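Among the features that TrEMBL reports, domain 'HD' is placed at 27-128.
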Amino acid sequence: MQTQTEILSKAREFVKQELATDSSGHDWWHIYRVTSTAIKLAQAENADAFVCELAALLHDIADEKLNESKTAGMQKVKTWLQENAVAETAVEHILEIIGTMSFNGGNNKPMQTLEGRIVQDADRLDALGAIGIGRTFAYAGWKGHLMHNPELAVRENMTSEEYRNSGGTAINHFYEKLLKLKNLMNTAHGRKLAEERHAFMETFLNQFYQEWEAEV
Ligand code: ADP
Ligand code: NI
């Protein structure tokens with residue numbers, strides 16, 4: 001029998017190896033941050049810390065970008081959990097969390113359990129605040145997008161489709177997604193952190209626009 005600490009440590013090694021070659025924004029350090037936040041939220045919300053930590057560690061392993069299909073990705077996670085003798089109820093729970101999370105943007109099926117709500121909040125928090133700003137500009141650079149184009153007419157209420165067709169900029173991504181996230185948070189502690197990170201992004205945007213026009 002492996003202890004939970006041993007399972008978590010093996011999961012860390014597995015994920016580092018699997019994501020070593022990733023260039024889609026899901027590098028190991030994203031996992032590291034989401035896991036740290038999930039642990040913190042689990043404590044604050046009195047949730048099952050083992051399930052939260054393990055689900056956070058594995059949450060991007062099933063990503064479509066890294067697998068032949070979503071099903072193949074989910075099977076990879078399941079196999080790993082079973083080979084490492086994770087208790088059956090925890091296996092089911094973790095698969096349910098990761099399966100629901102990877103529907104992101106799709107049918108928006110709500111998370112079924114407190115642990116699921118926590119891991120989803122932790123993932124969303126990594127898109128906000130200073131880290132979220134950094135990731136957004138890194139992604140835009142990787143895509144070859146401009147950081148900002150003031151002539152891009154529509155900002156608010158743009159659909160994802162319209163946004164993509166518009167060519168997209170880093171600044172636009174704030175309106176398309178990031179500034180909406182605080183209202184989608186599941187847990188009280190997640191919401192509080194999201195509100196702080198949201199305020200920081202608004203401060204950043206104000207300063208950005210002022211510098212753009214040489215007003216400050
Ligand atoms: P997630 O971790 O939520 O699955 P994605 O894979 O969609 O995130 O994106 C990785 C990072 O890049 C996130 O921080 C996200 O906010 C950012 N990002 C996603 N799409 C864009 C875009 N079109 N322009 C700028 N940043 C983006
Ligand atoms: Ni993620």
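Each residue, glycine too, has its Cβ placed from N, Cα and C.
For the domain 'HD' (27-128), the number of residues in each DSSP class (helix H, G, I; strand E, B; coil) is 71 helix, 0 strand, 31 coil. Confidence over the domain 'HD' (27-128), given as mean pLDDT on the 0 to 100 scale, stands at 93.
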